[in-house]
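Right, one structure below, let's go through it.
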């Protein structure tokens with residue numbers, strides 16, 4: 001289900017970044033550069049939410065809020081304010097603002113507020129947590145809930161697509177820090193020369209293009225939890241700096257001389273065997289032991305047969321809502337195919353299969369052919385290859401030692417991460433060459449401007465501060 005949002009922001013770069021975020025979230029929007037320009041748009045179109053900056057030339061966000069409250073009393077308004085102006089934002093909520101965001105903020109924080117105020121959805125519900133009907137999954141979830149109550153560092157291992165970030169978010173939600181930020185940063189998706197400034201922040205003038213100081217992800221997560229996703233992809237040089245942050249619980253921005261104290265909980269994920277990476281010299285041994293205080297191994301989907309259908313039903317509900325479909329159900333034969341499939345791509349592959357089936361199904365009942373599990377769309381469908389069901393695990397809690405990854409997993413995972421990182425680097429380099437001009441950059445890349453906007457939104461969703469590091473050396 002999509003919201004229709006009116007975005008009011010005078011800063012062009014930020015307006016484009018917010019537009020990209022709304023686009024990635026699947027929402028409709030109209031973006032204007034002033035409160036004065038917003039008024040005629042409001043008069044001719046219906047919106048489910050207004051997102052407005054506070055400090056703008058001419059009519060500011062507070063004045064716009066007052067007019068909207070008078071003319072459109074049921075239209076929620078979300079205000080964006082600078083770090084030092086929180087008091088005024090709180091006062092605006094007393095005057096009728098639905099909520100506020102303090103800059104800089106994560107894309108997920110914006111999308112959560114859009115879902116809450118425009119669509120009436122509460123983020124972090126049961127529909128977002130781990131599915132654990134398999135006995136081994138339930139036991140692992142119990143361990144996760146127990147360690148959540150402490151501040152211990154947790155290392156979550158598992159194949160790509162198993163839902164490691166979902167488990168990490170569950171640990172955060174079960175912890176005393178649940179009401180504080182949860183910041184996830186994908187170490188595999190960000191080019192090496194941008195990762196340090198993304199994690200630790202930078203001061204004004206610390207490199208070419210650093211026109212203003214920016215806090216890093218560690219600072220943004222202060223008081224809450226930071227997730228270092230795919231930590232095994234972090235360069236060795238940066239691993240030493242991360243080790244110091246974990247030991248001292250303080251961070252130094254790039255170009256700064258004074259450290260900043262942190263109150264933070266650290267979680268990390270990996271799809272590799274970190275012990276083997278240490279032995280091969282690709283990962284620091286001291287950092288490995290600092291991270292693996294409490295290791296958890298999230299099993300691949302093929303070893304969690306009891307979780308497959310509940311996951312499929314959840315994904316069916318989720319994507320049915322997004323596609324504005326009526327009631328759609330899994331047919332018994334389709335359900336059997338799902339349980340028998342090997343799922344080399346894990347939950348991510350299951351998600352894709354459900355989306356395909358919703359597009360292809362007719363009459364509200366998904367059949368095996370709609371899933372396209374064993375052949376590309378348009379090719380004859382072969383019978384699914386059955387996999388042997390694993391034996392029932394013992395009643396005692398499972399070991400939390402990190403298992404070796406499945407054969408072939410490292411190569412495919414590393415290849416995918418490397419290709420994504422190279423793609424992002426090519427996009428950044430092309431934008432530098434074109435001095436930030438998106439239309440020209442898209443032409444040089446051979447893609448449409450809309451595709452470029454989507455790629456930039458993906459980069460921001462992976463934790464990259466595109467604007468801040470566009471001209472970084």
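Each residue, glycine too, has its Cβ placed from N, Cα and C.
Residues annotated as domain 'Response regulatory' in Swiss-Prot, with sequence analysis given as evidence: 4-118. Sequence annotations record features per position, and here Swiss-Prot assigns 4-aspartylphosphate to 53 based on sequence analysis. Residues annotated as domain 'Sigma-54 factor interaction' in Swiss-Prot, with sequence analysis given as evidence: 130-359. The ATP binding site annotation in Swiss-Prot covers 158-165, 221-230.
Ranked by CA distance from residue 53 (4-aspartylphosphate), the binding-site residues 161, 225, 228 have 225 at the top as the closest. For the recorded site, residue 225 (ATP binding site), the DSSP three-state label reads strand. Considering only the binding-site residues 161, 222, 228, the Cβ with the fewest other Cβ atoms within 10 Å is that of 222. Taking a C-beta cut-off of under 8 angstroms and a sequence separation of 6 or more, residue 164 (ATP binding site) has the following same-chain neighbours: 156, 157, 158, 229, 269, 271, 298. Around residue 158 (ATP binding site), a 10 Å sphere centred on its CB holds 22 further CB atoms from the protein chains shown.
According to its DSSP assignment, residue 158 (ATP binding site) is coil. Proximity of residue 225 (ATP binding site) to non-local residues of its own chain (separation of 6 or more, Cβ distance below 8 Å) is seen for 168, 171, 172, 175, 177, 180, 181, 182, 183, 264, 265, 266, 267, given in sequence order. Taken as a whole, the domain 'Sigma-54 factor interaction' (130-359) shows an average pLDDT of 91 in this prediction.
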